[in-house]
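Engineer: Got a structure for you, written out below as structure tokens; questions coming shortly.
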Amino acid sequence: MTSELEALRQETEQLKNQIREARKAAADTTLAMATANVEPVGRIQMRTRRTLRGHLAKIYAMHWASDSRNLVSASQDGKLIVWDGYTTNKVHAIPLRSSWVMTCAYAPSGNYVACGGLDNICSIYSLKTREGNVRVSRELPGHTGYLSCCRFIDDNQIVTSSGDMTCALWNIETGNQITSFGGHTGDVMSLSLAPDMRTFVSGACDASAKLFDIRDGICKQTFTGHESDINAITYFPNGFAFATGSDDATCRLFDIRADQEIGMYSHDNIICGITSVAFSKSGRLLLGGYDDFNCNVWDVLKQERAGVLAGHDNRVSCLGVTEDGMAVATGSWDSFLKIWN
């Protein structure tokens, strides 16, 4: 039995090496070579324009609404707060049944928010009830591990990722799981929907990223390269690439059509993990939230650091860029959200 396993192990290693060689052969240029004639973006300096105060404990997640004005945040204080980013007013403060919340999401329509965490359940809240109060409109049980990330496709469909090593597509109306997406060999920490909503990418503690087709439920591609857990993942605005952030202190850029890693964003001085990543609207800048309380801004094409957003007194746990590209929000364990531009 052990000899059989060993033989199989060697065979998989050989196959992996063949794939690696094939990818190398297909890589006719590097990002650095291809962008040699591109001017660097220069120094990016952003200021804190708003500070959102109201949470009483660590903030774990935030997500902008598609109107680029409202945002939702989730904190260990057991509250989901919907904020008006222009006025800093709280539009809704939603007490949660479980305070161990790890993710939140705003529906594109603006009608719903969702959250979940160590309760293994994705809870959907309706913001537009006749009575004007916010209420749980649906609870989606089915994962056997914590909920790490959730994103709405529309008002009736949501995709979740979980510590049970799977992702899932749900019908919100019926509360049923439509598809389960397997293949990761570690906790799935993050997911990002493609701009066309037909695929999503996931990052996991097996240090790999996977691309799934939402319609047929199959893993189409697997991307390796990171040396530790992938905590965050986000699609490039055109849908042909995505970026990841990992505990190995690097962010990486993967090209879907080239089927491989094409860029790495790291610095000798940066030795802590990345909790969250987001692109600017054009995709030229990559923002990363770090355990060392900072948010680094990277020039995607030049693979150089272009700026730092410093202002939090604890780990930056989440960040997001508005759909109109005009602002970035950071959330932190210091219990504050900051809006920058």
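Cβ from N, Cα, C; glycine included.
Here Swiss-Prot flags 54-84 as repeat 'WD 1'. According to Swiss-Prot, the feature repeat 'WD 2' maps to 96-126. Taken from Swiss-Prot, the feature repeat 'WD 3' covers 142-171. The annotation repeat 'WD 4' is assigned in Swiss-Prot to 183-213. Per Swiss-Prot, repeat 'WD 5' is recorded for 225-255. Taken from Swiss-Prot, the feature repeat 'WD 6' applies to 269-299. Feature annotation from Swiss-Prot assigns repeat 'WD 7' to 311-341.
Buried or exposed, and what's around them? Tell me for each listed feature.
Structural biologist: Listed by sequence, the residues of this chain that lie at least six past the ends of the repeat 'WD 1' (54-84) yet keep a Cβ under 8 A from its Cβ atoms are 90-96, 98-106, 108-110, 113, 115, 117, 125, 127, 314, 317-324, 326-327, 329, 331-333, 335-337.
Residue counts for the repeat 'WD 2' (96-126) under DSSP, split into helix (H, G, I), strand (E, B) and coil, are 0 helix, 17 strand, 14 coil.
Across the residues of the repeat 'WD 3' (142-171), the predicted structure has a mean pLDDT of 98.
The helix, strand and coil residue counts that DSSP assigns across the repeat 'WD 4' (183-213) are 0 helix, 17 strand, 14 coil.
Sequence-distant contacts of the repeat 'WD 7' (311-341) (same chain, six or more residues past either end, CB-CB distance under 8 Å): 46-53, 55-64, 66-68, 71, 73, 75, 77, 83, 85, 275-282, 287-295.
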Engineer: Among 96-126, 183-213, 225-255, 269-299, which stretch has the most Cβ pairs under 8 Å to the repeat 'WD 3' (142-171)?
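Structural biologist: That would be 96-126.
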